[in-house]
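The block underneath contains the structure these notes are about, expressed in structure tokens.
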Amino acid sequence: MFSLLYGLWKYLFSKAEFHVLILGIDKAGKTTLLEKLKTLYSEIEGLPPDRIVPTVGLNIGRAEAYKAKLIFWDLGGQLGLRTIWEKYFEEAHAVIYVVDAACQSRFEDTKSALEKVLRHEDLHDAPFLIFANKQDLQEAFSADELANYLDLKELNDRPNLFQSISAFDGSGIRDGISWLVEAMRKSKRTEMLRHRADAVVVA
Ligand SMILES: Nc1nc2c(ncn2[C@@H]2O[C@H](COP(=O)(O)OP(=O)(O)OP(=O)(O)O)[C@@H](O)[C@H]2O)c(=O)[nH]1
Ligand SMILES: [Mg+2]
């Protein structure tokens, strides 16, 4: 009886927990973003940009935002490391894809990496938040300009948002995260992942 009531209490009052993958090619600013997210949404002060090195393994960050628990997985974006990304797809509720919006010469590389991610069946129905990063630099493309440039048809059949941000000064990040939490709450994928987890508990 106690465990039944405890289970009901937990179901009603515990905060939803979401796994968010942070992807993008190398030097896009993923780890700088992760550290800024810690500063904005957790008790921990994130590392300053000058202490961040290129990612080889996995960086994890935990945060609470808009009454949800968020677990961020930040992976390395160097060419040889991108094959690791798909190992995390199945468990992810959503993807934040970070683009260095000030580096037009790498837009084709970022586009083809993003297309591969979008076409992967293990990410079916996942909401995508695309951050046009480095807006503190004058040459940066805005979110709308980047969306036009990338012109990704694969985004049309899933929730998505292009958002201008600077991982340096934090501008735009809150707007993106508030959209993402709402999108994950409403997402068919969240429902699918919840059913899968319930099935494992029952078995
Ligand atoms: N001007 C500016 N520079 C940024 C911003 N975000 C990141 N950078 C710089 O971009 C470079 C790469 O940042 P990282 O956060 O290491 O990039 P990453 O995407 O994690 O790279 P990998 O781990 O190699 O995949 C660093 O020199 C950062 O200081 C930003 O918002 N504005
Ligand atoms: Mg990194």
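Cβ coordinates come from backbone N, Cα and C, glycine included.
TrEMBL: automatically predicted annotations, no manual curation.
The GTP binding site annotation in TrEMBL covers Gly24, Ile25, Asp26, Lys27, Ala28, Gly29, Lys30, Thr31, Gly77, Asn133, Lys134, Gln135, Asp136. The local packing around Lys30 (GTP binding site), expressed as other Cβ atoms within 10 Å of its Cβ over all shown chains, amounts to 28.
If you look up TrEMBL, you'll see Thr31, Thr55 marked as Mg(2+) binding site. Counting only same-chain residues six or more apart in sequence, the Cβ atoms lying under 8 angstroms from the Cβ of Thr31 (Mg(2+) binding site) belong to Ile52, Thr55, Asn59, Asp74.
Just so you know, of the binding-site residues Asp26, Ala28, Asp136, the Cβ with the fewest other Cβ atoms around it within 10 Å is the one at Asp136. Non-local contacts of Gly77 (GTP binding site) by the CB criterion (under 8 A, 6+ apart in sequence, same chain) comprise Leu23, Gly24, Ile25, Asp26, Lys27, Ala28, Lys30, Thr55, Ala113.
Within the set of binding-site residues Gly24, Ala28, Thr31, Asp136, Thr31 have a CB atom less than 6 Å from some atom of ligand 2.
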